[in-house]
Structures are given as structure tokens and as C-alpha cells.
Amino acid sequence: MTAPKPVVLCILDGWGLDPDGPANAPLLADTPVMDRLMATCPNATLTTFGPDVGLPSGQMGNSEVGHTNIGAGRVVAMDLGQIDLAIEDGSFARNPALTGFIDRLKSSGGTAHLMGVASDGGVHGHTDHIIAAAKAVAGAGVPVVLHAITDGRDVAPKSADRFMPALEAALPEGARIGTVIGRYYAMDRDNRWDRVARAFVAMVRAQGETAESAQAAVAAAYGRGETDEFIAPTVIGGYAGMRDGDGIFCLNFRADRAREILRAMAQPDFDAFDPAGLPDFAAKLGMVSYSDEHDGWFDIVFPKREIVNTLGAWVAKQGLRQFRLAETEKYPHVTFFLNGGQETPETGEDRFMPDSPKVATYDLQPEMSAEEVSDSFVAAIEAGYDLIVVNYANPDMVGHTGDLEAAKAACTAVDTGLGRALAALEVAGGAMIVTADHGNCETMIDPETGGTHTAHTLNPVPVILVGGPEGATLAPGRLADLAPTILHLMHLPQPVEMTGRSLIR
């Protein structure tokens, strides 16, 4: 029996299952295609959080973690747990990259500028890491200025008024907060350089809103109607900006939302906006590798670990062709993260990236670029690829806005595109796995507070088999089981490094 062609992995980013949950966008939306698939096709559920995806117990999953595990076909120990352990056992403070950073600033007489997301969300960073780094650097006699990036997306929308007092109280002598900036500005990943420029100007030139303390900055932002994600870049107290001989240390451990602001800080020929005032840094340090290019500009505390024989690499070794597709908001996930942190495409791997719409927030255009993604999806099915991996960003990106009606529209847009792709797949004689990397839009109201819920969830996600072997069923599992399942459908052997198991029974 010949393998179906193409075999498709369709990831509905942020589409979880929560039958009892309030404000469940997928259930409330008009989604006839997904309704039909769940009623007529083999389906099961996947776990996307905690140790099943290489995270600490109870830690919610995210798109980086999800796509890394999906592509690896094994549980990958993620950076959050590795960093936590290093702080606990004391090896973080002794790390040669960190001690080298400290030594260079001692020699230059400069200040260490620490920047990172100031919440306990654990998706991009963690306040515990900020505090540990500040203690290590200030404890060595180097003055520390913290550029605190408020979250409001992976935690409650208005929780900085809780995080900031605790953070200020925990900072050691010799460390203070210099700026407070919403992640909307400091952690953009879709080339909204006007936003990044405002964060840059506050950090580098000490220009922006002003407040006497971080707590006052948050209170003023709330008075302006801003939630944590959108806090306007604010300069704290007498912070006067960066100077020659200073150092920069980015504490975020997830790459995609750190790249742009760090590019502005370090790229020699940066021209997305005028980087006037950028000092001659004595040292530049990153918690992790942010990209191959960034590795040329920053020393790294925790270098990336090679993941051998990912799904993409293994399919390429069989001489087969594959296609990766997502709009720009999720493009790194179906390429860089799915390929185990490798930037360069595999042999025979083609990619396409429609631009995400240029709107302030995606509730204003919940369809995002789903139609363009669907156009390319259908074309790829018709083009004869062996493997197609596509990500629909809408359920996650619109779910993060907390707008239920917009999230329902997002789900409907994705459902429509999925229907078009399935029609083309039936003609081609292919097979598809429909799933998600984590939950989000199925819980739009916080069941504990009754307020808006904008974060990811611990809910299971669906996994659906379309066009599989006759009589097949699916077993429940975890994200690491998806690559083995895809290889099963493609009639390919599973590399020994993949310890996941096919879900097909």
C-alpha cells in the first residue's frame, strides 16, 4: 500500500478543549468543519504542559515549547527548567559567560543593564531569573539597572501592580529599576519597528513617560487605561540612559520576542530606525541563543543543545520534499523551533510566510492572514509535496487579546480555511493530522476571578486523523508523539532519537 501524499500536519495554534469552561470561543464559534471532523474522524487528546513537554510540573506550554517538542518527536528539556536548576544549585552565578560579563564591566567601570519580562509567567522569562542575575552581578560590585518589561499576556492583564513591589523589594543593594516598558513595545516580533523604537529610546536615551518608582509607573499606566502589555515606555527616577562601557544582559530565554530589541542594541548596520545614542558596550550577554546571527553579537549563558534527527531533518534524509507555512507571527515556530533551533532550511524544504496584518491588536482583524495562508495551503497540497506543516495563528494571537467575539471570528476564519484545504487534500489523496500546540482561546474568562483571561491554558488539545488507514483509531498522548505519527502515515521508519510513539492504533 502506497503512502498518502501529501501528509499534512495542521496546527491550530491556541485551540484547546475545555467543555466546561466559560467563554469557550471554539465551542461558541461557527466551525462546521471542525465539528464534522470531531464527529466523524478518529480523534483523541494531547497534553501540552509540564513534564510532558519538558517543563516544570504545572507550567503551561507555549508555542516555542510546543513546536520544539512536535518537531523533535521526543520530550525536550526546556530552558526554563534548566535555568531554574542552575540557580538552585549555584552554577548560574559561576557560569563562565556570566562571570566574564562581570569581569569586563569591572574593567570598564560600567553599569550592567539587565532586561527581561517581569512576571512569573515562565513563557519568555521569569522574575526569579531577574533577581538571581541582579544578585550575581551587583554582588560582584557592578551596579545594575533593570529594564523591567511588563507582561499582561502570559499572566493576568493587570498583575504588574503585584509583581513590581515584590521585584523592587527583592533586588539587592546596588540594583535598581531604570525603565518599565510593556511587552507590546519591547518584545515585538513582527517588524513593528515603531514600537521597538519607543522601547529603545527609553532604555538607551532615558526618554519617555516618567515616574518616581516602578510602582508609580504602573499606577500611572492604569490611570491612562493601559494594561500591563501596553504600558508606555516609562523612565524611572533619575535614570539617565546608557553610557559607553556599560553592558547589556537579556534575561529572556525564549528567542522570538527578544530578537528585534536586541538587534537594535547590537547589529552593526542596523537601520530599521535611527539608533542614536547607542553606547559602545563593553559586554553583551544573552541568557540563551537568540539566532545564529545574534550569536555573533552576544555571549551566551546557556548555549542551545543540538536536537538530532528532527522531523524535518529525517524527512529530508529520505530525499523527500516538504513545505512550511505560517503568517509572520508564527513563522519562526514552523521553521526555527520545529527544526530544533536550526535557522537554515533542510534540503528539499520550502517555506512561505504571508505578512500578518499591520494592526495594533489582532481583535481588530481576527481573520489575520488566514485567507492568504489558506491560498498557499491549497497550492502546496496541489504541488506534490510529501510533507506539509502549516500553522494557523488566529486562535492564539486573538485569544491573547481577551476579546471573546474576536476569538470566535478567529476560529471561524481558521475553520473556513481548513475546509478549503481538506477539499484539496481529498482530491490529492493525502492525509492530515489536525492538532494544536497548546490551549488559549477556549478559556477567555478567568474562572477564578471572572476577569479577562489572555494566557495559555493547561487544557488538552485535540488531535484528529483525516485520511488515515481504514479502521484506524488514535490514542491519547503528548506533543512528542506527533512526529512519529506523521512518519507512520508517510510509511517511513522512525529514527532512534525519537522516543515518542505513533498515536495510530
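Each residue, glycine too, has its Cβ placed from N, Cα and C.
Just so it is clear, the model here is predicted, and its values are computed rather than measured.
Per Swiss-Prot, the candidate among S57, S63 that belongs to the Mn(2+) 2 site alongside D13, D437, H438 is S63. Residues H124, R153, D154, R189, R254, A255, D256, R257, K330 are given by Swiss-Prot as substrate binders; from R183, R195, that same site also lists R183. Excluding D396, H400, H456 themselves, the residues of that chain whose CB lies within 8 A of the CB mean position for the Mn(2+) 1 site are, in sequence, D13, G14, N62, S63, R153, P395, M397, G399, H438, N440, C441, T454, A455. DSSP assigns R257 (substrate binding site) to coil in the three-state reduction, placing it in neither a helix nor a strand.
Here the candidates are the binding-site residues H124, D154, R257, D396. The one whose C-alpha lies nearest to that of D437 (Mn(2+) 2 binding site) is D396. Proximity note: of the listed binding-site residues (H124, D154, R189, R257), none has a CA within 10 Å of the CA of D396 (Mn(2+) 1 binding site). For the recorded Mn(2+) 2 site, residues D13, S63, D437, H438 set the reference point as the centre of their Cβ atoms, and the other residues of that chain within 8 Å of it by Cβ are I11, G14, T48, G61, N62, G66, H67, H333, N391, D396, A436, N440, H456. The number of other CB atoms found within 10 A of the CB of H456 (Mn(2+) 1 binding site), across every protein chain shown, is 29. Taking D13, S63, H400, H456 as the binding-site residues under consideration, the smallest Cα distance to A255 (substrate binding site) is found for S63.
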